[in-house]
Amino acid sequence: MTDALWYFARGSGVVALVLLTVVVALGIGARSGRTAFGLPRFAVSLLHRNAALLAVVFLVLHVVSLLFDPYAQLRLFDVVLPFVGNYRPVWQGLGTLGFDLMVAIVVTSLLRHRIGARAWRAVHWLAYLCWPVALLHGLGTGSDNGTAWLWTVSMICVAVVLAAVAWRLTPNFTRFPHRAERKVAPRLRPLEEVR
Amino acid sequence: MTRLHIDWTACDGRGLCAELLPELLAEDDWGYPMARDGSPSPTVPPALEPNAQRAVDRCPALALHLTREAERPSAPTR
């Protein structure tokens, strides 16, 4: 029974990483303003959001199961305070850091209409930090860090995200590449803040 | 009466609103929303309000707002 928690924590962690990879790829894809997989733009955006919320569910399961696991001996503050753990503090700390970033990104997204687009976007950029942190945490910590299957899963995730980022950086990424960049006159910026 | 207000300083022309609210909005040649009735803030009929709310919620640039005005009686005559 005690082993079950440990296996469950490992499994849910990997599922969360795979889901986060899908979320990052969909988020980048949605930014292009294009339809994808026969889905309209709003459906791509909803899929991005719902996959992220599902990733949060698996992340919470991952953390909660480790809280009760007799080997991991995760203390309550290890969940939010990185790099102070008893067990492989650096690799575990990366997980804590990723969790904190994820909480920040999700909470600001849910409160997007209250905090405004600029603050939301600034925090949302942290996704580019959160994902590699989660990946490194998975590769470095736990019992699966040397296994071929975890490396295979991780490398597929890396390939997906790198491909999405590479596409993002191409000049023809957006739907209307020749459209002028949106610029807001400085005197209108205060109005944007109010929005 | 509910109107759909488009904040043009914020709009980035991602095209989600025209998908969610095709009855009121079309896309112009550059992907920006355009009210079908030509008005700057189209009136939202009650039946379309849930869809309009969805468009407001999904806008990636938060450029859409629903404004509700009380139905004003016609101007008094002297």
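Placed from the backbone N, Cα and C atoms, the Cβ positions cover glycine too.
What TrEMBL says about a protein is an automatic prediction, not a curated fact.
These come from TrEMBL:
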type	residues	note
TRANSMEM	A:6-30	transmembrane segment
DOMAIN	A:12-133	domain 'Ferric oxidoreductase'
TRANSMEM	A:51-71	transmembrane segment
TRANSMEM	A:91-111	transmembrane segment
TRANSMEM	A:123-142	transmembrane segment
TRANSMEM	A:148-169	transmembrane segment
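Using a Cβ-Cβ cut-off under 8 Å and counting only residues 6 or more beyond its ends in the same chain, the transmembrane segment (A:148-169) has close neighbours at 14, 17-18, 21-22, 24-25, 28-29, 31-32, 131, 135, 138-139. Within the chain, the transmembrane segment (A:91-111) has long-range Cβ neighbours (under 8 A, six or more residues past its boundaries) at 13, 20, 49, 52-53, 55-56, 59, 63, 74, 78-85, 119-120, 123-124, 126-127, 129-130, 133-134, 136-137, 140-142. Sorting each residue of the domain 'Ferric oxidoreductase' (A:12-133) by its DSSP state yields 92 helix, 2 strand, 28 coil.
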